[in-house]
Amino acid sequence: MTDVAVIDYGMGNLRSVEKAIVHVAGGAAVRVTDDPEVVMRAERVVFPGQGAMPDCMAEMEARGLHQAVVAAAATKPFLGICIGQQMLFEHSEEGDVAGLGIFAGQVRRFPEAKMVDAAGQRLKVPHMGWNEVWHHGEHPLWRDIPDGDRFYFVHSYYVDPADAAVTAAHTDYGLRFTSAVARDNIFAVQFHPEKSARAGLQLLTNFMHWTP
Amino acid sequence: MLAKRIIPCLDVSAGRVVKGVNFVELRDAGDPVEVARRYDEQGADEITFLDITASSDDRDIILHVVEQVAEQVFIPLTVGGGVRTVADVRRLLNAGADKVSINTAAVTNPDIVAEASGKVGSQCIVVAIDAKQTAPGKWEVFTHGGRRNTGLDAIDWARRIEALGAGEILLTSMDRDGTKNGFDLGLTRAISDAVRIPIIASGGVGTLEHLAQGVSEGRADAVLAASIFHFGQHTVQEAKAFMRERGIEVRL
């Protein structure tokens, strides 16, 4: 029995995600897998992602993981990370590619025109580094994480949900964007909890204890 | 607001930290895992390892170091030094590195930047630029520890590697490295203004004021330092408190 399946579709590096989850898992079985059967049988599912979303979608489809991901997102405690959050949406401006459509809305690139800070200095893209995450209401995954705590980000695109009610947190970078979404058994974040020191490990711990 | 990052850098040779470490605490001097943990506890935003292992027989040792550190330290880890091929990049990422820094190989074979970022994503690829001033307002790219001039203009080169897919630039002034006289702020600002990707300023930090200047005057997105942290002169916390006093956004 796999307690936590970390979905591997061949993109980017999942070692950091695996190590961070093992660190907080308290002996639970953690498996990095591209096997749809293992995903289907897992108690909890983590859906990470790095790189470009069109490549991620293509690799996921090529491995026959589409159905397993959709099924897991419908039933199990499900944590999307970075591109794993973006892929849950309908469509991305990156490569004009369709996502899984589990959340209504778009994935957009940081608009050049807004990439200026309060002092008039140009903001870099990718948005890379530690930024503040401001909660929208209570959620079990925010337990023991102060509102406005910093998490580690690295991305050039962000999600823009059609339904504002799914936004679980926002972050400011040139504009205000949704940095976490939540609905039922799904929680998904733009930042990297596995690289976010104490705050990130707390969020992963909360995920391991979450019973939606 | 996005915080400016402070990145301690560790030179590692054959599995040991070689620039001396806080010698007050002798018990863990030289052990990269212990040193990385201490910096993590102090609030370092990332950690960079530069593998300066001379013998090719000992090259794989860095992989074990990265594996051990990645099991205990949950902030971004960058590893550089001797990275020649996409296979080298993959090995380091698989060991637990989050970013890999490419230096000489990017100059001799720029395609490696495009190939590596295409395979693993720009976010994993840092290109290190070692630059020296050759005339007022002009800097050129050097390799082999500053001994070999490539003739490449540093600003043109920065734009080129950005176009090839570099996610970040680690910019070291070879004029300042080791001097403790502060960053080359003209160089840092020129490169930072020339590209849209983040710049890590490196080379010359001797005081906390230097770190603040790298951000405020050099417009760096992150500042890297070795000796002021290794020798116990300052902790990362002190550096952050100082920068915050100067009105710089940091993660405390």
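For all residues, glycine too, the Cβ spot is worked out from N, Cα and C.
Whatever TrEMBL says is automated annotation, not expert-curated.
Taken from TrEMBL as is:
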- A:6-208: domain 'Glutamine amidotransferase' (DOMAIN)
- A:C82: active site, nucleophile (ACT_SITE)
- A:H192: active site (ACT_SITE)
- A:E194: active site (ACT_SITE)
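Within the set of active-site residues (A:C82, A:H192, A:E194), the lowest number of other Cβ atoms found within 10 Å of a Cβ is recorded at A:H192. Across the structure, the residue listed as 'active site, nucleophile' and A:E194 (active site) place their CA atoms 11 angstrom apart. In the three-state DSSP reading, A:E194 (active site) counts as helix.
Over the domain 'Glutamine amidotransferase' (A:6-208) the predicted model carries a mean pLDDT of 95.
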